[in-house]
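Asker: Mind looking over this structure? Questions follow.
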Amino acid sequence: MIESFNQFGSSLLGGFWPVVWNLIKIVALIAPLMGCVAYLTLWERKAIGWTQIRPGPNRVGPWGLLTPIADAVKLIFKEIILPTAANKGLFLLGPVMTIMPALAAWVVVPFGPEVALANINAGLLFLMAITSMEVYGVIIAGWASNSKYAFLGALRASAQMVSYEIAMGFALVVVLMVSGTLNMTEIVLGQDRGRFADMGLNFLSWNWLPLFPIFIVYFISGLAETNRHPFDVVEGESEIVAGHMIEYSGMAFAMFFLAEYANMILISALAVTMFLGGWLPPIDSVVFNWIPGWIWLGLKTFVVVTMFLWVRSTFPRFRYDQIMRLGWKIFIPITLIWLVVVGLWIQSPWNIWK
């Protein structure tokens, strides 16, 4: 069907069709993503409410389902106030620089064997490079606001994000070693072979089982990378009010939160792709194979995102020195040790990734 539509568009628009086709694919990717981001805010409030034995939002629309729309309307019509002493150009650039990497990184995420906006050979490298740019938006926002609270929040954010990017990067390098490729589609397909996969137990052949400590390091680093609880000292309300976002209002303020929730979904989707078999069904059966791969990817991503929310409703906030100690003295040494262990494992007769 997609190929027929592509051929029809090519015959209709000729040389302009590739540009139009890419724009259609971008809109088809970004529009559902923004819808997921909006309703993730509702799911977070509902999940935390149930954890605390209360109903959560239930006033706007049936069962509170229109709450994200009400929030969006409220923020759209709020004024964006520019502080007098702020650098106005950089002040407005900060939110854009924060949300753009969270959206651009999705172009290499595979939703199926041949379903990706850009199935490039260096997909994992591209994703790691593009997501590392988000820290610049936070630094620009903190610097341009000309506020001591915003500047302190930006300093905290940059140090925390850079620290945990190292641990997360090493964790992904371990997956790269066992997969032998940077192509994210091939990384998923590589998890569909082995003794357990031959038995139909696909979920036991995924990377989470042999690389379980690395999976845990990746998940916790993802919490810190997205400034989620218990690593949310960047916007610690009791210390620096709202951190680098303190001077923002309206849609400029909303873009920071859109970026945070989009990054949560991206980190979760990357965890699913690297460790949980991507679009592959957990069991090789007629019923499970009938379900489209993008639904499996979405369900697994939903479970991982819910783990983010569960952590928020369970653990207290860490002190900043505890966060730095965890990243530099525990996670980075663990990932370095596992790099050596996996390297020796691959060269041994017990290599399970052949």
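Glycine too: its Cβ is placed from the backbone N, Cα and C atoms.
These came from Swiss-Prot, pasted as-is:
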type     : residues : note
TRANSMEM : 12-32    : transmembrane segment
TRANSMEM : 62-82    : transmembrane segment
TRANSMEM : 89-109   : transmembrane segment
TRANSMEM : 124-144  : transmembrane segment
TRANSMEM : 162-182  : transmembrane segment
TRANSMEM : 203-223  : transmembrane segment
TRANSMEM : 239-259  : transmembrane segment
TRANSMEM : 263-283  : transmembrane segment
TRANSMEM : 291-311  : transmembrane segment
TRANSMEM : 326-346  : transmembrane segment
Asker: Contact between the transmembrane segment (62-82) and the transmembrane segment (162-182) is defined here as three or more C-beta pairs under 8 Å separated by at least 6 residues; is that satisfied?
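Answerer: By the criterion, they do not touch.
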Asker: In the same chain, which residue numbers or ranges, 6 or more beyond the ends of the transmembrane segment (263-283), come under 8 angstroms Cβ to Cβ?
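Answerer: Long-range Cβ neighbours of the transmembrane segment (263-283): 33, 36-37, 40, 102, 105-106, 109-113, 115, 127, 131, 134, 172, 175, 184, 187-188, 191-192, 200-203, 205-208, 211, 215, 218-219, 222, 225-226, 228, 289, 291, 293-294, 296-297, 300-301, 304-305, 308.
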Asker: Is the transmembrane segment (239-259) packed against any residues at least 6 beyond its ends, judged by a Cβ distance under 8 Å, and which are they?
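Answerer: For the transmembrane segment (239-259), the sequence-distant neighbours (Cβ-Cβ under 8 Å, at least 6 residues beyond its ends) are 34, 37, 41, 72, 75-76, 78-81, 83, 86, 91-92, 94-96, 98-99, 102, 134, 137-138, 141-142, 145, 147, 149-154, 156-157, 233.
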